[in-house]
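Features reported for this protein in Swiss-Prot:
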CARBOHYD  ASN52  N-linked glycosylation site
CARBOHYD  ASN165  N-linked glycosylation site
TRANSMEM  234-254  transmembrane segment
TRANSMEM  264-284  transmembrane segment
TRANSMEM  298-318  transmembrane segment
TOPO_DOM  319-528  topological domain 'Cytoplasmic'
COMPBIAS  358-367  compositional bias 'Low complexity'
COMPBIAS  413-422  compositional bias 'Basic residues'
TRANSMEM  529-549  transmembrane segment
Amino acid sequence: MRKMVPVVCFATMLLQVAHSAQGRYAQQLLTDLMENYSNALRPVEDTDKALNVTLQITLSQIKDMDERNQVLIAYLWIRQTWHDAYLRWNKEDYDGLEVIRIPSSLVWRPDLVLYNKADDDFSGPLDTNVVLRYNGEITWDAPAITKSSCVVDVSYFPFDSQECNLTFGSWTYNGNQVDIAMGMDSGDLSDFVENVEWECHGMPATKNVIMYGCCSDPYPDITYTVLLQRRSSFYIFNLLLPCFLISFLAPLGFYLPADSGEKVSLGVTVLLALTVFQLMVAESMPPSESVPLIGKYYIATMTMITASTALTIFIMNIHFCGAEAKPVPHWAKVLIIDYMSKIFFVYEVGENCATATSSSSSSSSSSHFGQDDVHQPNFSSHRQANGKPGGNSGRENQYRHKNPRPQTPGPQRHPKPRHQHHITRDEKNHLSSSKYEGFESNRNLPLGDCCKEAPPCCPEDEKTAVVAAAVASVTFGPCVFCSHGSSLPGVDSKLVRNVEYIANCFREQRATCAKGAEWKRVAKVMDRFFMWIFFIMVFLMSILIIGKAP
């Protein structure tokens, strides 16, 4: 072990001597090479020959892609190789020294620049050292952050792909003085750092020889095309999916009840939300003629929502047209109320979907009810004569059972011949204020069967029914006679005419309510129809827009 220590020390001393000797030779070599050398002239022995420069680009990172300003910021490693005829030596004269590294500012360098540069700073690559070999070959590796102009096509945003060019060439030397060659057929991507927004699918290179108008000599250049594909997941979840969900709210506006008063508000709110998303996309896109795919989707959705809001206003106008409007046309009754209501499952509350009846039949029955010339002793028998067996509605039956009117005791009446009377509305002008004369003396008459039932009224207007019953009770006594016997002389004709007039008013009110209900049902069926139409439109539009993505 002790014998090995002197050997190691001797070897270390030899290495130090060798390094110091090599350092002395390198210093001597640099002094000899730079003694009569000038870096201002093109280093060729024959000035008529072109100097060949080999260019190789390594793409390290895509730092940013500014679509609005159309600028690509990339981090590159640029390698240039050429031969200097004045920087050669015999390696045997310098202890076998083959390679030295010297500052690049000491030697001649080709003036290769990025033609499509978009940076305000015109500085080139860093002044790193060059590698000089004994045969005159110089290799210069320099990093550079480039800002190049790139024509951005956003027609398929966010599913777009871009092609950005990096064109390198000599700024002052033409092709007869400096010829540029490609070191590889494409850029080197072996050290590429993945970008979170863009995928790089390649970097092919092409050589071009261009004759410019200013000069008659050819100028060669090398163009590297960076193939970029956008990662669309971010935009799908932050721009496309919210728009897709919001667009499905537009058809639901037709499902809202018209009486809620929120149908138009929903459409306007959805329209404003899409406008905000549209402005966000417009701010990030360049102001060009090409409209991005997501912009087309927004515009189509906004157009659909505008149309749905306009249709909602139209349908609400139908819903609230009221009884003063014209009756529903026959074709609308047949097409909308009879057929479309069954297709779109539009039924009234409490109506059996299996045995749905049209409201037009009930309205026709009401009109017959008001035009019948034969009146029975009470309202119940009158309705049976007009095709309404069992009473007018369930509410009237419940009213009779819950509030039975007591029978007033009186002498038993024998059946006598009855007289039926009927008047029209044209006779109401002939009714004088003396039509109630003589009735006060008959307040103690026995009550008939008609007093067991409340007068008919519109089932949709309970307040009107109560008021009408009160008016009848105050005017004619404890009940309204529907018919009279021949034992009431002097009162029967006037009383019957007044009762007929009141009954006609109630019938007319029922017909008016039925007409308004028909318009409401038409509006409800149209709401359901447009709801399904717009649901289908939203779905198909989304499929078509996404299907256009490359």
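Numbering starts at 1 and runs along the chain as it is shown here.
Cβ coordinates are placed from backbone N, Cα and C, and glycine is handled just like the others.
Here the structure is a predicted model, which means the values were calculated and not measured.
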Legend entry - Distance [Cα-Cα, Å, rounded] between ASN52 (N-linked glycosylation site) and ASN165 (N-linked glycosylation site): 23
Legend entry - Which same-chain residues, if any, lie at least 6 apart from ASN165 (N-linked glycosylation site) yet have Cβ under 8 Å of it: ASN116, SER148, CYS150, THR223, TYR224, THR225, VAL226
Legend entry - Mean predicted confidence [pLDDT] for the topological domain 'Cytoplasmic' (319-528): 54
Inset, instruction - Ten-angstrom check, please: count other Cβ atoms within 10 Å of the Cβ of ASN52 (N-linked glycosylation site), all chains counted. - result: 13
